[in-house]
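Okay, so here's the structure we're looking at.
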Amino acid sequence: MEQKNYTKHFIILSVLLAVLFFVNISLGSVSIPFKDILNSLFGGVVSKESWETIILNFRLPKAITAILVGSGLSVAGLLMQTLFRNPLAGPFVLGISSGSSLGVAVLILGSSVFGGFLLSSSISNWSLPIAASLGALLVLSAVIIAANKVRNTMSILIIGLMFGSLTSAIISVLAYFSEAEQIQQYLFWSFGSLGNLSWKELSIFFGFYIVGLLGTFFIIKPLNSYLLGENYAKSLGINIKKSRNIILVITSILTGVITAFSGPIAFIGLAIPHIARLLFTSSNHKILLPASAILGAIILLICDCIAQLPTSEFTLPINAITSLFGAPVVIWLLVKKKKIFI
Amino acid sequence: MVISKEKENFYINILIKSKENIILKTENLSIGYQSKKAKTIVAAGINLSLKKGQLITVLGKNGIGKSTLLRTIAKVQHPISGNVFLNDKNLHDYTNRELATKLSLVLTDRLPESQLTVFELIALGRQPYTNWIDKLTKEDIEKVNIAIHQTEIQHLKNKRFYELSDGQSQRVLIARALAQDTEIMILDEPTAHLDLHHTIQIFKLLKKLVSKTSKTIILSSHQVNLSINFSNYILLFTDNNLHSGIPNELITKGHFDNLFPKETVNFNRELQQFIINNQ
């Protein structure tokens, strides 16, 4: 498609992302001089060894996690909104995040309910993202099947919400039969957190993430044709079933792995694509995909900065901050904007 | 009867030629809707041979199967039974991509609300030809501009599709189908929401496209008058039958007389139009 030139937009956003990345790293309960932060990042001499550990093993992985989570959820949200041609679709609204939660719950809580082979000690780094992705895929497939039967987009959203409560109910039942220790483990996970990831976990996270993200390059064409509706897309030579399945798998991987490592995070997937559309006034996915990814990363870095309550020792759950930010955006979109685009 | 060799060749040539001229053929086609529980047949036993380079209009009252027929020959929905042949190849054997280079569509579907510009929307018509990342080549851009030129919408090029009036958006959708560069174009009620002026403009445009590009254009319409005026060939759905022929032939055979119930309107053969029955 012939396009306006958005290079300037992207350069500004990239600079903003880089700045926020450093700001995010420099904030925390321990105040560390900026010089020492730079030195520990770029291999210089740091005044205190503990500062280097804090930067390299805690703050740096957390900032990277924020970028991965923010961009991944935004891309997943964009894919859902285009696939369902519904501006209110998103990993959280459609119950996909709940699906991931179910996968994690079965893994953590199920070990005490079913016992035996699912012992919690056997939960490896890999099983968590795989369980979460499978859970996401399960719910997303169910939503897709339901969406095929009911064409009405409002009904699809309600069906998504119903799947969400259904999975919550199953999780409650599982929790009822579980031991306190496991319930606690699950609860802490469900609050959502960007921290606590080791470099090894982060590398697994990144592996899944990059597979999902690179996959989106191959569906730019069908995504753009979906802007005309399914019949037109088909008449343009798009294989509806195949492209839909690819979108389904990518969304499941992204949502699944993100939810596995940082808990169910609300609103980012729903709100960011709309902000991208507002800023770039485009519906072309060649523009919207990178725009949503960068904006999502930026917003989540900001949310994380706020969550740390700078200079205090407390950290708020990231989920609370994203909701505080996201809910008003969605309300504003619905009330103020006459047209909501996909 | 003895036929000279020369004459025989002449007839064979005509036969071959007329066969070559057929772009779309249906064989014992039944159309309708099929679900697990029930089968609704809208029309059955349809045998059509449609020639290249014509403006063909499908007429008939609401709900009689015009859209179903168009959607079936465009492979948007499947036939209940029978076959459709496009250029002598069964529609069933075309891949989506292959068909996309032969047949383009203008549907009644409402487009999802997006921020696509007119140019971007028309350029989507080039998708069957673009590479995996949808990069427009010089040729693609040229085809898009030709389509914009042919439909006379240069002034709308940079507008957003959602800003357009019904008449304008219909022209843009036709331009999109043109950019797809296909032999055959199928339009489902392209004048449905338009006033008389814009309706005539669309008919004129389609007529012009047929004569200038030698495309085959099939449309459905409720505009009996205009269809008789502009079409080369008409498919006329009446209560029990599907009649086809050139407009005058259908009129003299009296097929238009049965298009609508007599108590509401009567067809006047001289005026070639329906007169309201005031009784």
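Positions of Cβ are set from backbone N, Cα and C atoms, glycine also.
These figures come from a predicted structure and were not determined experimentally.
For A:12-34 (among others), the entry in TrEMBL reads transmembrane segment.
Long-range contacts of the transmembrane segment (A:54-80) within the same chain, counting only residues at least 6 positions beyond its ends with a Cβ under 8 Å from a Cβ of the stretch, are 17, 21, 24-25, 28, 30, 32, 36-37, 40-41, 46, 86, 89-91, 94, 96, 194-195, 197-199, 202, 205-206, 209, 212-213, 216, 219, 223, 247, 250-251, 254-255, 257-258, 261-262, 265, 268-273, 276, 285, 288-289, 292-301, 303-304. Annotated transmembrane segment per TrEMBL: A:54-80 (among others), in sequence order.
Sequence annotations record features per position, and here TrEMBL assigns transmembrane segment to A:92-114 (among others).
Nonlocal intrachain contacts for the transmembrane segment (A:126-147), taken as residues 6+ away from its ends with a CB within less than 8 angstroms of a stretch CB, comprise 84, 91, 94-104, 106-107, 156, 159-160, 163, 167, 204-205, 208, 244, 248-249, 251-253, 255-257, 259-261. Per TrEMBL, transmembrane segment is recorded for A:126-147 (among others).
Sequence-distant contacts of the transmembrane segment (A:154-177) (same chain, six or more residues past either end, CB-CB distance under 8 Å): 84, 86, 88-89, 93-99, 101-102, 105-106, 109-110, 112-113, 135, 139, 142-143, 146-147, 183, 186. The feature transmembrane segment is assigned by TrEMBL to A:154-177 (among others).
Per TrEMBL, transmembrane segment is recorded for A:206-226 (among others).
Long-range neighbours of the transmembrane segment (A:246-275) within the same chain, counting only residues 6 or more positions beyond its ends whose Cβ lies under 8 Å from a Cβ of the stretch, are 65, 68-70, 72-83, 87-93, 96-101, 103-104, 128-137, 140-141, 144, 189-194, 197, 201, 205, 208-209, 211-213, 215-216, 218-219, 222-223, 288, 292, 295-296, 299-300, 318-319, 322-323, 325-327, 329-330, 333, 340. Taken from TrEMBL, the feature transmembrane segment applies to A:246-275 (among others).
What TrEMBL lists as transmembrane segment is A:287-310 (among others).
The transmembrane segment annotation in TrEMBL covers A:316-335 (among others).
Tertiary neighbourhood of the transmembrane segment (A:12-34): same-chain residues 41, 47, 51, 54-55, 58-60, 62-63, 66-67, 291, 294-295, 297-298, 301-302, 304-305, 308, 310-313, 315, selected by CB-CB distance under 8 Å and a gap of 6+ residues from either end.
Panel annotation: around the transmembrane segment (A:316-335), residues 87-88, 191-194, 262-268, 270-271, 274-275, 299-300, 303-304, 306-309 of the same chain, lying at least six beyond its termini, place a Cβ under 8 Å from a Cβ of the stretch.
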